Structures are given as structure tokens and as C-alpha cells.
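Undergrad: Quick one: the structure is below, and I'll ask about it shortly.
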Amino acid sequence: DVVETQEHYKSRWRSIWIMYLTMFLSSVGFSIVIMSVWPYLQKIDPTADASFLGWIIASYSIGQMVASPLFGFWSNHRPRREPLVVSTAISVAANCLYAYVHVPHSHNKYYMLTARALVGFGAGNVAVVRSYIAGATSLTERTSAMANTSACQAVGFILGPVFQTCFTLIGEEGVTWKFLCLQLNMYTTPVLFGALLGVINIILIFAIFREHRVDDMGRQYKSINSDGEGSDVLDQNTEGSIDHIAVVALNILFFVILFVFAVFETIATPLTMDMYSWTRKEAVFNNGIILSAIGIESVIAFMVVKTLAKKTGERAILHAGLLIVLIGFFILLPWGKKLPNIQWQDIKNNSIPSIAPSEMLAPFWSLPELQLPANHTEPVGCPVAQSWCLNTPMIYLAQYISSDVLIGLGYPVCNVMSYTLYSKVLGPKPQGVYMGWLTASGSGARILGPVFVSQIYTHLGPRWAFSLICGVVVVSLLLLEIVYKRLIAFSVRYGRIQE
């Protein structure tokens, strides 16, 4: 056995921390403009409508879905520094393109679409990040490292909108540098800041990142990715085949986990507007506060689950996480008798009947009851066009908040455990392609989730939408029960170590 030296240990963890940073910047690249895409799109190209906005939002996930297996394959056969640097450079270039989408005289919306798709393509490096962390940690270190990775990703999603909010102080006009044809305003400065972070990341990858590989026991091994560092190591023992049934099952479970969370994120604003007669501004603000709180809850869950997994094991925690998500969506089913306020609007005189304050619900932090001012022109309540509004009971605010808390707890638990189990099942073989497919399945879920819920919720209502989600989670729990005994580490399966 080759005992790991202190120098190797420090170098290995410095490289892992660079991977944490890469994961953080990848999620920041998605969320830092998410709040401003629509107004910027309207400003640069008045021909763009809300449906095209949907394509721009989805383009990030489409780009990531395409790129993840490609970068994963690349990382299996070459030093990982190569795909990491190239992918980050693509993201930097895409952010710079986004800052210049106002320059062309026509088709500006297509330039924005291309820029966001390329940012997503660059974010395909998360497959490389996770495969590296899986290969550079022992079994005892794996759960903690994967939890830290997911926590960095979650923090990036939380801080992205915070950065965007800070940059709004610059204003819509900002400063124009004519010799560069560049406008520094509240729309372009965030992406240029993201590009700067990407350049810093590339420098750190060259300066600090090193290829390291250890087996499940923590012993140093040679890897095909090695660039000559650490020659005094053992050759890797990869005898034995991967349990592909377990691999496919975990891909399906991961798809379901991200699918239901994408549904949850998408439905928040329309659901609260329909059920509680919130205006667009109130729905965005209130749900922004709720989602921020859920983000903080998720980071705490990532930290707690690291310790809990050592006592109960990853499979049991994944099972518990899915049960919590199931309960969260079950609570969202309409149970009462009271119907939501109906959005009556006479087309001829554009009149809106008064709504009694007692019939409306206040936001959860006890703001005054919502009331429509005399000159208010925005209709509120459940639209008559959605026929289910006339016969489906409302979802009370207490139900909605309780569901938020449970889903905000169950999702991060399932996310970390599925990644951890997946890396352990794959074992010592190169994981780049497999991690690429797992990332691609998650990206596909983020694309299909909003499409599913927008269609089912609009036409059939929350009872059908959330019942179907509960059914999907129940099926995933049954799948987990079927493959439960197969979800074990590669080394445990072949008797090299005890579970």
C-alpha cells in the first residue's frame, strides 16, 4: 500500500476546493441574469414575446444537456484541466456576447438565445467537476465532498440574484464606452462580472489544480488523466463490471428529483397569484423571499446530511428525502371547501368588481391585507379562462408554506444522496461520461418540468398537477425499493472492503 503523504493530501484538497469554486461559478452564471432577462429582452428586441423568453430560459439547460456527456468523455481520456479551461472560456466568451447583444440592428433576441445556450454549454463542466471529486476522494470522504459541491451550487443560485440586485444601482442607462461599443448598465454589468470570475477561475485552475486519484480506501492511484504528477503510486485495479441496472435506476431517480423541483419553482408564482389574489409584483417579491429562505434551508440541509449519512447510510437518507418530497406535494392538494377569488373582468367596460379585504389573504410576514386601489388596472385572482377555478377549492397559505419547507428540505437531501450513491456504484472506472449522462438527465428534467406543469396546471388545475407529481414520486419510491440492495459501492460489491 502506498501511504498518502501530507503534501499530496493538501494538494488533493486544494484541487477539490478549485472544483467547488467552479461549481459555484457555474450556478452563478445561470442565476445572475435570471431576474433581468425579460426586461433586457424587451429593451433590445421589441419583437420578442413571452414564449421566446421561455426558449431563452430553457436554452441554458439545453446547452448543458448537450455538453455534459461531451466534456465527460473528454475528461475520461485527457487531463481534466483541458475540458475545465475550455468550458470556462466558452462561458466567459458567452457572457461577453450577452453584453453586446444590443449592438446588432436586428435579430437581437437570437443573439441573446445563442449567448445563454453557450453559457449553458460551458456549464456542462459540472460533469467533469463531479467525476473528479468522485475519483479524488475515498468512500469515507465522498458524501461530505459531494454535499459541499451541492452546497456551493446552491449558494451560487442564491447569490446570483443578490449580485444582480446590487448592479441595479447602476440603472438602465449606466455608462457607455463608445470606443468599445459597450454599455455598462444593470443588464450587462452582471454578465461582465461573471466573465471576470470565469477568468479568475481559469487562472486558479492553471496555478493550483492538479490531477489526483485515490481508491475507495484513500490510497493514491495512477489515472489516465495524470499529467506526470505523483509517479510513486499504484496502478488502478478496475476489475469487475459496473452494475448498469443501478446506474440506470439512479439516473431515473435523479431525473425525478430535479423534475419535481423544477415543477415546484415554476408553479410558485402563478399558483400564489391565482390562490391569494397577489399582483405580479407581490407574487415575485413574496416568492423571492420564500425561495431565498428555502435556499438557506437547503445549504443547512447539505451540511447536516454529511454527518447523518455516516450513521444511517446514503440509501436510507435518499428514501427519507423522497418521502419528505411526497408529503410536501401531498399537502399542496386542495382539501378545503372555500373557492379562490375569481378574476372577473368585463371585456366591454374593463371593469373589475370590488373584492372584500376579508376574502383576501395577507403575505406570510403579516403585511396589511391586499386591497386594490381605485385606479388599479391589473386584474387579480383566479382567471375565469381556467375553468377549474370555478370548482376547485383554494390551497391555503399555511398549506403552501408548509409544502415549501418540506420540499426545501427533501430536495437537497435527495440531490446529494443520488450523486453520492452514483459515484460509489461506478467505482474506480473513469466516471466522466457517466457523470455527463447524469447531468444531462437533470438538465432534461429542468426543461420538461416547466412544460409539464404549465400545461397540466393551466388546463386541469392544481389537483391534477400535484396528484400526478405525487404519483411520479410514489413510482420513484417503488423503483428505489426494487434496486435498494444494488445501490452499494463498487468495492463493497466485489468484496474488497466491508460496507
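Glycine is no exception: its Cβ is also placed from the backbone N, Cα and C atoms.
Features from TrEMBL:
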type	residues	note
DOMAIN	15-488	domain 'Major facilitator superfamily (MFS) profile'
TRANSMEM	17-40	transmembrane segment
TRANSMEM	52-72	transmembrane segment
TRANSMEM	84-101	transmembrane segment
TRANSMEM	113-133	transmembrane segment
TRANSMEM	154-171	transmembrane segment
TRANSMEM	191-209	transmembrane segment
TRANSMEM	245-264	transmembrane segment
TRANSMEM	284-305	transmembrane segment
TRANSMEM	317-336	transmembrane segment
TRANSMEM	400-422	transmembrane segment
TRANSMEM	434-458	transmembrane segment
TRANSMEM	464-484	transmembrane segment
Undergrad: Among 191-209, 245-264, 400-422, which stretch has the most Cβ pairs under 8 Å to the transmembrane segment (284-305)?
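TA: When the Cβ pairs under 8 Å are tallied, 400-422 comes out ahead.
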Undergrad: Would you say the transmembrane segment (434-458) and the transmembrane segment (52-72) are touching, if the rule is that at least three C-beta pairs must lie under 8 angstroms and be 6 or more residues apart?
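TA: Between the transmembrane segment (434-458) and the transmembrane segment (52-72), which are separate recorded stretches, there is contact, as judged by 3 or more close Cβ pairs.
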Undergrad: With Cβ-Cβ distances below 8 Å as the criterion, list the same-chain residues six or more beyond the ends of the transmembrane segment (245-264) that contact it, or say none.
TA: 318, 322, 325, 329, 407, 411, 414-415, 418-419, 421-422, 425-426, 434, 437-438, 441-442, 444-446, 448-450, 452-453, 465, 469, 472-473, 476, 479-480, 482-483, 486-487
Undergrad: Looking at the transmembrane segment (191-209) and the transmembrane segment (17-40), are there 3+ C-beta pairs under 8 A, with each pair at least 6 apart in sequence?
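TA: Contact between the transmembrane segment (191-209) and the transmembrane segment (17-40): present.
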Undergrad: Below 8 angstroms Cβ to Cβ, which residues of this chain, lying six or more residues outside the transmembrane segment (434-458), approach it?
TA: 54, 58, 61-62, 64-66, 68-73, 120, 124, 126-128, 130-131, 134, 247, 250-252, 254-263, 266-267, 270-271, 386, 419, 422-423, 426, 464-465, 468
